[in-house]
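Here's the structure, in structure tokens; my notes come after.
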Amino acid sequence: MNDVIVKVDNDNVVNVTHSEAVDALKRAGKRVVLYVKRLKAPIENIVTIELSKGNRGLGFSIAGGIGNQHIPGDDGIFVTKVIEGGAAEQDGRLAVGDRLVAVNNTNLENVSHDEAVAALKATSEHVVLTVAKSFIPALPDSEPPQIPPPEEKPEKPHKPVVAPKPVQSVTSTPKSFASSPSSRPPAHYDEDPTRQELIRPDEIRKDMPNLELLDLPSHHTDIEIEDFPK
């Protein structure tokens, strides 16, 4: 009892009308998160008030008692109204909500409503009231707590798509044949060293004399070789 609702889910209900608070509760789903401000237990201060009856009596009304609780769970006798012009209103100390502890020497705790009324009527001109004044300690103002957002599962990072590198055409040339024209492979190579190696046309020296081939007549005769004396 006496809890103060400050937030319904994400709806702040501080300083709103009753209908707005009801709408916030209606909008809530099956699972409702309420943030409340729980007041401290009321502290009672016992005071003694002396009244003198006037033409209009003591000038206040009461409610409560055993079997007729004014506050659920409490059998106390409580002041419910201070009548204008009465002795209580002129004194100014009695207030609505005060609990009557005793009237003169009669204890009013754990009594019925009728017993409390009978005790007040039996008083004379001068009445001494023992009253419990309750008050709730003020709580420091604070902002309503923030409801953390629902946890979201982190998305898996997308792997970047890397375009394949273009394939370059590479022609491999042996190092021994790529440096200079002189290192080109020979026109002919024979494993037999006795055979004459052919000369490449581009290797013929320009200063070599031209060779003329003479055609011998087809009717040549045999040549005799004579032995000369030694």
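Even glycines carry a Cβ here, placed using N, Cα and C.
TrEMBL: automatically predicted annotations, no manual curation.
According to TrEMBL, the compositional bias 'Low complexity' annotation covers 160-186. The compositional bias 'Basic and acidic residues' annotation in TrEMBL covers 187-209, 217-230. Residues or ranges marked as domain 'PDZ' in TrEMBL: 1-40, 48-135. Residues annotated as region 'Disordered' in TrEMBL: 138-230.
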Margin query: For the domain 'PDZ' (1-40), what's the mean pLDDT in this predicted model?
Written below: 83
Next item on the list: Provide the three-state DSSP residue tally for the domain 'PDZ' (48-135): helix first, then strand, then coil.
Entry: 14 helix, 37 strand, 37 coil
Check: When the domain 'PDZ' (1-40) is classified with DSSP, how many of its residues are helical, how many are strand and how many are coil?
Finding: 10 helix, 11 strand, 19 coil
